[in-house]
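Residues annotated as compositional bias 'Basic and acidic residues' in TrEMBL: 133-142. Summarising the annotation, TrEMBL assigns compositional bias 'Low complexity' to 143-173. Here TrEMBL flags 174-188 as compositional bias 'Polar residues'. Annotated domain 'DUF1899' per TrEMBL: 185-251, in sequence order. The region 'Disordered' annotation in TrEMBL covers 110-189. What TrEMBL records for 310-352, 353-394 is repeat 'WD'.
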Amino acid sequence: QGENLLYCFEVAPTQPALTQVTQCRTEGSTRGLAAVPRLALDVMACEVLRVLQLTDTALVPVSFLVPRKSVQEFHEDLFPDCTGTLPATNAQGWWAGDSQQVGRVSLHPARRPTETFTSPIIAGTGPTSTGHIDTDTGHTDADQTSGYSSPSSLASPGSTGTSLSASTGPSSGFASSPSQKSLQSILGPSSRFRHAQGRVLHRDCHLTNLRGLSLTTPGECDGFCANHQRVALPLLSAGGQIAVLELSKPGRLPDTAMPTIQNGTAVADLTWDPFDPRRLAVAGEDARIRLWRIPEGGLQETLQEPEVILRGHTEKIYSIRFHPMASDILVSSSYDMTVRIWELSAGQEVLCLQGHTDQIFSMAWSLDGKKLATVSKDGRIRLYEPRRSSQPQQEGPGPEGGRGARLVWVCGGDYLLVSGFDSRSERRILLYRAQALPEGPLSVLGLDVAPSTLLPFYDEDTSIVFLTGKGDTRVFLYEVTPEPPYFLECNSFTSNEPHKGFVFLPKTACEVREVEFA
């Protein structure tokens with residue numbers, strides 16, 4: 001009472017027991033509600049429910065219709081026989097033990113009994129031709145066993161004209177007849193993970209009193225990086241200093257100066273070696289990549305000498321990525337419009353990928369490590385197979401806007417998800433089939449208007465992508481599927497203050513007993 005939302009749920013005897021079908025926003029706020037008896041429904045218009053809403057000044061009927069192609073014939077699967085209006089026994093009979101049921105009547109217009117009530121408010125309650133009343137009590141038992149063949153497909157009020165595509169989703173809990181569409185085909189599928197909850201862990205796990213952080217890392221960089229043991233954070237102080245903090249020692253950091261890595265030049269991007277938790281690769285603005293080795297147990301004193309320096313790029317570096325399968329392989333992209341692949345054991349460049357004509361926003365290795373995808377400011381996505389050729393294997397159209405973009409491999413490595421901007425600076429995500437980049441995106445989803453590029457993180461176990469930008473407070477969650485509608489929205493997570501960076505730990509850090517998956 002006092003609200004203006006009307007929710008409609010489907011109840012099933014199996015999990016999920018409650019599934020929301022639709023919600024309807026009414027004009028006035030509700031003072032009372034009553035359902036119209038089934039005998040008064042307009043069955044030929046496939047009306048399965050009518051509610052009367054009492055507002056401050058009016059009585060408003062709200063009708064729920066199921067879209068069906070044909071409204072010429074009577075749909076028996078939507079309208080099983082309902083309880084009639086003639087009593088089955090009298091008071092003395094009931095006290096004497098008579099448990100007869102009220103006779104059931106057909107809702108078919110041609111087989112209707114005489115209406116026992118009329119009302120000027122409710123349409124279709126005038127007297128109709130007399131039909132027969134079915135008093136077979138065995139009928140009720142048959143209905144129970146068929147799983148309450150009740151209407152399991154409701155559309156939002158008044159949406160009879162919508163065209164709906166059948167889709168593959170978990171069917172509703174009803175044992176419905178073949179002509180009956182499931183809820184999912186009316187509403188489209190919903191994600192199995194739509195109720196995922198983001199939760200900030202207890203303060204005992206936080207690292208606090210961070211000071212002098214560099215918040216001006218380039219847009220191609222995530223801002224900092226983490227593995228399951230430690231995090232590396234670029235600092236503002238001169239000489240490109242990097243703080244390395246142990247995750248096993250949470251709490252408030254001391255006010256005194258901490259030992260750092262002296263990189264010698266401003267940090268453009270940094271990343272941990274996935275196979276060596278003590279090796280950190282740092283790309284500098286002097287076009288060089290330095291590899292640093294963190295001592296066992298963390299930084300005790302300032303590091304000044306890198307293990308290896310990789311030279312080859314002629315201009316500032318955008319981003320660096322380790323290979324997901326092979327040790328000692330690193331890829332880097334630079335303002336000189338080349339992408340170079342390095343072999344770290346030898347400390348030298350082994351391949352230079354050509355074909356870019358403008359700034360390289362992002363690059364990503366495929367899950368199997370065979371291919372490398374890049375997205376560039378020239379509005380193109382390129383796919384390379386570095387072991388075969390230094391030229392792109394295929395190209396396709398990328399996001400229109402030139403403000404920034406990211407890409408990540410999804411759905412077992414068969415698809416590419418790209419986050420970028422349209423020409424009006426709206427942030428959007430695009431899904432491509434990796435084998436068919438020239439055909440353009442399969443699906444495009446606009447999210448919001450904001451200045452920072454959305455950073456996508458993909459969890460391959462649940463197929464959920466997490467998207468947020470530097471300076472945002474909201475993290476979008478979508479389940480990505482290889483069939484339409486491609487993006488299924490899940491609960492988003494909102495933090496109290498804007499984040500300056502956002503990275504995910506390896507899955508081994510998850511508390512699986514709490515069903516934590518990221």
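Just so it is clear, glycine is given a Cβ too, placed from its N, Cα and C backbone atoms.
DSSP states for the domain 'DUF1899' (185-251), grouped as helix (H, G, I), strand (E, B) and coil, give 6 helix, 18 strand, 43 coil.
Secondary structure counts, DSSP: the repeat 'WD' (310-352) has 0 helix, 23 strand, 20 coil. Mean pLDDT of the predicted structure over the domain 'DUF1899' (185-251): 88.
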